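Below is one structure, written out as structure tokens, with a few remarks after it.
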């Protein structure tokens with residue numbers, strides 16, 4: 001099936017992630033390539049409700065591919081969660097002649113799109129943009145690869161101090177529900193232990209592991225902790241617990257926070273964003289709707305929104321074992 | 001089948017690549033984990049012939065995961081290509097009690113291992129380390145992801161100058177036989193055209209594309225050229241050709257050269273190296289030999305050396321199209 | 001006066017800073033250049049007390065110039081603060097034949113050296129290594145320039161998120177007693193306000209400034225806060241205060257922490273470390289003692305320890321004004 | 001004297017340099033702070049001749065402080081070198097109501113301003129922007145500090161390869177007339193030799209130094225060569241010469257080229273640009289003209305254009321000696 005579309009709107013929603021700008025650029029240029037008008041919508045769904053649109057041509061996205069954040073800005077919209085809000089949104093889109101939407105964001109954003117599509121049969125296509133990589137239907141979300149590099153570079157710096165002073169550092173990284181970042185940067189930065197939401201290591205094993213690590217001649221140690229680690233203690237509580245139970249280490253804490261979200265995207269994220277933008281627009285032109293674009297085995301793929309939203313991306317258990325062996 | 005091994009040797013061969021050190025570290029620590037002795041061999045096959053070995057324990061590879069280059073050094077060995085050389089090598093390995101080898105390198109290095117294995121039935125396992133990503137049997141070689149980020153960052157800098165002066169830049173990147181780097185950094189850096197060994201774009205189309213690009217309002221342009229591009233002109237000849245045929249642009253050339261090979265590995269390459277080291281050692285322990293470790297769909301995999309050496313990794317044609325659309 | 005010295009010891013003390021390794025390298029190579037033996041002393045003064053020395057030649061410091069942290073490790077020594085401790089230290093130095101010391105560290109480390117010199121007339125020379133730049137007698141301490149770049153890059157990333165979400169960020173940077181880092185990164189990162197220990201801006205002015213900033217059309221804002229800011233509220237209290245008194249902004253906090261201390265030194269710090277190492281060793285050879293090496297107007301200079309310790313490096317008031325104008 | 005100015009124009013001219021955008025931002029915001037209108041002029045003097053002006057307010061320079069290149073673009077103008085061209089330029093400025101100019105550029109740009117000022121008594125103020133640091137009257141030009149860091153990071157990468165393969169690299173860096181970059185990055189990257197325009201090392205001494213370096217146990221070497229080195233051979237000729245006269249090394253060449261000019265400015269360059277912009281605008285308001293803003297001993301300073309143009313910034317001879325000692 002081919003769908004004739006004259007105007008596509010694009011928005012970013014939820015937390016920002018590196019590669020969102022590259023995805024906007026790709027949507028805009030793919031529209032231009034197919035002679036479709038493209039409208040940028042500011043501040044996510046909020047911008048539809050406010051009618052905050054801007055026409056974008058291929059030159060409007062010049063110099064955008066390597067910029068972090070999102071030039072269209074992002075916001076969480078309470079109004080769009082109401083029936084009245086969505087009605088207003090639909091009216092505004094119709095008024096502006098926008099016939100389909102590309103939504104760049106995470107789980108929550110796709111749920112919004114799904115509901116909107118159900119109510120108004122409005123063509124929507126999603127692009128997964130979040131550093132957490134916690135979305136089902138794609139091996140990589142936009143921004144994840146960049147965040148891994150950002151975090152690994154920061155922990156490299158913390159390691160300089162840790163090993164200069166024979167210290168133990170607890171480093172908290174993003175990941176409320178998913179340990180992808182923690183697990184990969186833990187291995188990448190040579191962490192002694194990695195605490196993630198998916199696995200309950202147990203406090204006893206942590207102590208044991210730190211003791212063994214000390215005995216094996218390591219003078220400093222890094223423990224990477226995902227925000228939502230299963231042990232249920234935050235990094236400051238972990239510090240206290242370890243200091244009470246071990247005297248061998250001076251313990252320090254570092255909470256990396258929002259910096260993990262910013263910065264120029266990695267080459268991988270730039271290419272992925274470019275591919276996803278093309279796929280999203282061309283899928284709409286092929287008559288498809290209500291899907292999230294994903295990448296599987298380096299091939300572009302579509303996952304229905306309801307599956308993407310309900311499913312859960314799993315961590316790679318092999319990595320847990322590799323981490324164990326590496327901290328020998 | 002289980003093989004009892006008491007000592008494993010590890011070497012790096014061919015051009016160095018980021019992640020080689022992380023792979024050495026992984027081999028050493030996996031050996032320690034399995035209570036096997038590990039010997040580092042200096043300067044590739046040359047070091048076997050010279051008996052240049054060093055025993056390595058888990059603490060010898062401390063602080064190594066984020067270093068570029070290879071601490072074991074690399075070299076091309078003419079002697080190992082001779083029957084006498086390999087005899088000497090075998091004698092030295094036997095004398096040192098080394099019972100299996102992990103070879104980190106590229107095509108040429110694996111051919112050497114294969115021949116050695118045929119002649120002496122000596123257990124060998126390969127880990128693909130080269131920034132070019134031109135090896136069959138793995139979606140990623142060690143160092144490739146890092147090189148993409150290195151190159152993209154450099155072209156971002158060149159872009160600053162290009163767009164400040166309305167210039168056209170030809171940027172030569174590595175890839176004598178494979179366009180993987182050129183194609184990905186071309187998209188990632190927003191290049192107007194990408195010239196690779198796998199595709200003959202033709203000089204006419206290049207000019208046409210540059211003209212269209214100029215007309216569409218672009219004031220500056222980057223053309224990424226792989227060393228072995230099909231057009232058969234090097235970047236300096238391309239510069240001359242374009243200057244003779246177009247007066248719209250001031251043309252400049254940049255040959256990125258060896259810097260593409262160095263630097264701290266990306267998180268992806270560090271994790272990949274760690275996984276490959278584990279897989280290589282454990283495959284030897286399982287009695288396997290004459291394979292290259294690879295990654296396919298994010299799962300560790302083995303490819304027989306002869307297939308790895310004869311095969312060719314293909315570029316992703318989808319990317320050519322994406323590049324075209326992005327330069328709209 | 002010329003002093004004949006056969007062996008010099010070098011140590012790092014206090015918090016680590018980028019450039020310390022480059023300074024060690026310089027001390028070692030300058031000794032080699034003058035045919036003097038050089039001993040590395042581990043863990044600061046603690047290592048003298050433990051007799052933890054290692055002989056270092058020009059090749060021992062290979063590949064060290066671009067490494068963060070300190071290979072000699074650092075520690076605070078309680079024992080060295082006692083008379084008995086210093087007696088033991090002196091005995092150990094004499095036993096090892098070490099005739100002079102180069103101490104790389106901060107205020108506290110120099111005080112230790114000064115006391116030691118008074119008691120035993122032992123030749124000592126200091127090199128200022130701390131990212132805070134809070135030492136009198138030098139325009140730059142080792143690590144300061146690197147830390148500025150590290151912090152500015154991180155705030156650039158936070159800015160990506162801040163401007164994508166129209167947020168206000170309080171970013172805490174190092175500087176318990178000195179606002180040098182805060183003031184410079186504040187200007188460098190385009191902060192709206194900068195809170196430092198040297199100036200009491202007042203909470204009212206902060207609110208006023210944020211309001212004006214909002215009215216002038218800024219959608220996001222960064223406020224850089226030195227650890228020891230004069231207002232006397234930490235970043236979390238500032239967040240609460242602003243949220244209670246302004247509803248225009250969503251406020252977030254980021255405490256940068258230890259990462260500010262690590263990483264490869266900037267070119268400036270590498271060159272400075274190299275120069276300081278030469279100056280320290282050659283000053284000892286000229287018979288000088290009890291001085292800190294410094295840089296003033298790009299010329300190497302010596303400041304007596306007691307002045308360096310008592311004095312205070314002042315912030316540049318011009319920068320306060322520039323910051324004000326820049327946040328127009 | 002106070003001068004009443006209602007409109008200031010700002011332009012960038014000559015080669016681009018990191019920090020130019022930060023300087024533009026500072027000029028624009030300082031104008032806003034003093035309630036003066038500010039006009040951006042595109043493509044240097046060429047833009048005056050074409051009347052290519054844009055009004056800029058404080059929000060037009062948002063997000064500009066960390067961008068390389070120059071948003072106002074730069075060009076060399078042949079027309080402005082003619083009397084007729086300058087007449088046209090003056091007419092256009094008068095027509096637009098622009099009463100004073102801030103020119104960000106190098107020697108050549110200041111000469112243009114000086115002539116223009118002589119002919120029309122038009123108020124002009126210069127800001128030195130060039131990575132070469134070859135301008136008299138300032139210890140630092142905009143972009144110089146950034147370029148040092150860019151180059152040092154690149155040579156660190158080349159070092160990875162050099163030491164993995166026991167190679168000798170000749171690395172060509174920018175500096176046709178001045179060795180500042182070469183001298184500082186040479187020390188910062190641990191180069192064995194540094195060839196600069198100011199000193200004739202001699203080919204014999206180069207060979208001797210490389211031989212000594214080899215004998216002292218160094219397995220790899222980096223020689224940094226300024227474009228305009230005194231020996232008068234380019235890097236490729238040097239390679240040939242050394243290969244003919246030494247067989248100990250495999251020699252490689254790397255010409256860094258234009259990348260040295262781009263990238264986000266260092267913190268130092270951002271602060272310097274901000275300070276220079278304030279000083280330039282406020283000096284014009286104080287009635288001054290025909291000066292270049294500079295920094296001396298960390299204080300803002302003015303140098304008459306004719307001195308800035310005729311003078312020459314000298315290299316620091318101390319660094320030659322430090323380099324010598326460091327390559328022990």
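Along the chain as shown, residues are numbered 1 onward.
Here the Cβ of each residue, glycine as well, is placed from N, Cα and C on the backbone.
Here is what TrEMBL records for this protein:
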DOMAIN    C:7-283  domain 'Phosphofructokinase'
BINDING   C:15, C:76, C:77, C:106, C:107, C:108, C:109  ATP binding site
BINDING   C:25, C:26, C:27, C:28, C:29, C:159, C:190, C:191, C:192, C:218, C:219, C:220  ADP binding site
BINDING   C:107  Mg(2+) binding site
BINDING   C:130, C:131, C:132, C:167, C:174, C:175, C:176, C:227, C:252, C:258, C:259, C:260, C:261  substrate binding site
ACT_SITE  C:132  active site, proton acceptor
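Annotated features, which come from TrEMBL, shown on the structure.
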| residue | record | CB count, 10 Å |
| --- | --- | --- |
| C:15 | ATP binding site | 24 |
| C:25 | ADP binding site | 27 |
| C:27 | ADP binding site | 30 |
| C:29 | ADP binding site | 27 |
| C:77 | ATP binding site | 21 |
| C:106 | ATP binding site | 24 |
| C:107 | ATP binding site | 23 |
| C:174 | substrate binding site | 23 |
| C:190 | ADP binding site | 26 |
| C:261 | substrate binding site | 25 |
| field | residue C:107 (ATP binding site) and residue C:261 (substrate binding site), distance between Cα atoms, whole Å | value | 17
| request: Calculate the distance in Å between the alpha carbons (Cα) of residue C:77 (ATP binding site) and residue C:130 (substrate binding site), and round it to a whole number. | output: 17
| message | Just to verify: the residue among C:76, C:176, C:252 with the fewest other Cβ atoms within 10 Å, which of the binding-site residues is it? | response | C:176
| message | For a quick check of understanding: given the listed ADP-binding residues C:25, C:26, C:27, C:28, C:29, C:159, C:190, C:191, C:192, C:218, C:219, C:220, what is the maximum Cα-Cα distance in angstrom, as an integer? | response | 53
| request: Check the Cα-Cα distances from residue C:29 (ADP binding site) to the binding-site residues C:76, C:174, C:252, C:259 and tell me which is shortest. | output: C:76
| note | One residue among the binding-site residues C:109, C:130, C:219 has the fewest other C-beta atoms within 10 A of its C-beta, namely C:219
| request: Sequence order please: the binding-site residues C:108, C:252, C:259, C:261 that have their Cβ under 8 Å from a chain A Cβ, otherwise just none. | output: C:252, C:259, C:261
| said: If you compare CA-to-CA distances from residue C:219 (ADP binding site) to each of the binding-site residues C:107, C:108, C:174, C:176, C:252, which comes out shortest? | reply: C:252
| So which binding-site residues out of C:25, C:27, C:130, C:174, C:252 end up within 10 angstroms of residue C:15 (ATP binding site), measuring C-alpha to C-alpha? | C:130
| query | Which residues, in sequence order, are found in the same chain with Cβ within 8 Å of the centroid defined by the Cβ atoms of C:15, C:76, C:77, C:106, C:107, C:108, C:109 at the ATP site, excluding those residues themselves? | reply | C:13, C:14, C:44, C:105, C:112
| said: Long-range neighbours only, meaning 6 or more apart in sequence with Cβ under 8 Å: which ones does residue C:108 (ATP binding site) have? | reply: C:13, C:14, C:76
| task | Restricting to the same chain and to sequence separations of six or more, state which residues have a Cβ under 8 Å from that of residue C:192 (ADP binding site). | result | C:209, C:210, C:213, C:218, C:221, C:222, C:223, C:327
| Short-range binding-site residues relative to chain D, from C:106, C:107, C:190, C:219, with Cβ separation under 8 Å | C:190
| message | Under 8 Å between C-beta atoms and at least six apart in sequence, can you list the same-chain neighbours of residue C:132 (substrate binding site), or say none if there are none? | response | C:106, C:141, C:144, C:174, C:175, C:176, C:177, C:178, C:180, C:181
| note | Nearest by Cα to residue C:25 (ADP binding site), of the binding-site residues C:107, C:109, C:130, C:252, C:259, is C:130
| remark: One should report the C-alpha separation between residue C:252 (substrate binding site) and residue C:109 (ATP binding site), rounded to whole angstrom, as 37
| Of the binding-site residues listed as C:107, C:109, C:130, C:259, the one whose CA lies nearest the CA of residue C:190 (ADP binding site) | C:259
